[in-house]
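A quick write-up on the structure given underneath.
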Amino acid sequence: MKIHEYQAKEIFSKYGIPVERHTLCRTAAGAVAAYKRMGSDRVVIKAQVLTGGRGKAGGVKLVDNTEDTYQEAKNILGMSIKGLPVNQILVSEAVDIAAEYYVSFTIDRNTRSVILMMSASGGMDIEEVARQSPEKIIRYAIDPFIGLPDYLARRFAFSLFPHIEQAGRMAAILQALYKIFMENDASLVEVNPLALTAKGILMAIDAKIVFDDNALYRHPDVLSLFDPTEEEKVEADAKNKGFSYVHMDGNIGCMVNGAGLAMATMDMIKLHGGNPANFLDIGGSSNPVKVVEAMKLLLQDEKVKVVLINIFGGITRCDDVAIGLIQAFDQIKSDIPVIVRLTGTNEHLGRDLLRNHSRFQIATTMQEAALMAIKS
């Protein structure tokens with residue numbers, strides 16, 4: 001679960017990490033009022049959406065007067081970043097930055113531990129730094145039995161700050177970030193940039209926290225911060241109906257029984273140059289009601305131009321699945337092409353049933369199904 005920058009900064013402040021003064025606004029007039037209240041010569045207006053790349057998309061602007069504050073706030077509130085509409089902005093006091101750093105804690109599956117990542121090259125282009133100059137990213141695996149005691153925090157801090165005063169401040173921030181990570185079952189805690197101001201203060205100018213969805217039941221306070229996007233609302237609705245659904249950006253809707261087969265289906269589509277619109281595991285039922293609900297879910301996405309149904313019949317027989325599909329599509333009013341691949345128990349009976357129904361195009365292999373979907 002992701003949260004907004006302003007929410008992450010509230011958590012940072014609670015744990016003693018310095019952040020700049022800021023106000024959340026939902027209108028351009030509110031942004032002007034926040035600018036006046038701050039009494040600062042310059043403020044930064046930031047779009048509050050649950051995605052990265054806000055700066056490059058024009059969602060972060062520096063202003064120094066009320067007219068520009070109003071206009072830029074209005075522009076940002078009217079934009080969409082990576083398909084996400086901007087409904088709120090953060091007006092923050094502009095900080096005189098001497099240097100920018102990158103700091104994060106996340107899970108490293110190679111070391112099977114929490115890993116601390118730091119860089120003296122913080123800012124918007126940290127992804128480019130990681131690609132072009134990976135040696136500039138410092139990594140430390142954290143032993144879960146030791147954690148991050150003072151001596152380790154100071155040792156890691158000295159990697160970026162040679163002077164003891166700054167290293168001491170950095171060590172305290174590292175310990176606070178690690179505490180946030182562990183106490184809240186996070187999967188990512190990130191500061192980019194962590195700014196060294198002209199006055200020598202270390203301050204989190206941006207804040208990002210991602211929480212482990214599977215641990216949210218232990219943190220009702222964290223769950224209360226959830227601000228679902230439209231996609232997440234759809235995914236939650238699918239979960240309530242017994243599906244595993246993840247939205248993607250392609251145009252081939254996928255309906256599959258079994259997570260592994262669903263992943264393999266998506267891989268096959270990508271292998272042949274297509275783009276899946278979703279991951280959708282409907283489970284092992286041949287219940288036509290479930291198929292109807294799954295199709296409604298797929299057809300909500302206007303990008304979907306064809307549906308690929310890939311079913312493996314194990315305990316669930318393919319002829320039962322075919323009957324369920326026929327009953328379901330008798331209720332569905334759509335002329336979208338539907339490719340069906342059945343394999344497993346009674347697969348020949350299932351295919352014969354579907355061939356008698358003009359609604360379906362039949363494939364015998366997963367590769368054939370993927371190619372048919374791509375060409376449709």
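Cβ from N, Cα, C; glycine included.
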Among Asn251, Asn257, Asn275, Asn356, indicate the single residue that Swiss-Prot lists for the substrate site containing Gly314, Ile315, Thr316.
Asn257
Cross-ref Swiss-Prot: ATP site Gly53, Arg54, Gly55, Val95, Glu100; candidate in list Lys36, Lys46 matching that site is Lys46
Site of maximum Cβ density within 10 Å, from binding-site residues Lys46, Arg54
Lys46
Fewest other C-beta atoms within 10 angstroms of its own C-beta: which of the binding-site residues Glu100, Asp206 fits that?
Glu100
Same-chain residues at least 6 positions away from Ile315 (substrate binding site) with a Cβ under 8 Å from its Cβ, in sequence order, are Gly284, Thr345
Please tell me which one of the binding-site residues listed here (Gly53, Arg54, Gly55, Asp206) sits closest to Gly314 (substrate binding site), measuring Cα to Cα?
Gly53
Taking only the Cα atoms, work out how far Gly55 (ATP binding site) lies from Asp206 (Mg(2+) binding site), in Å, as a whole number.
11
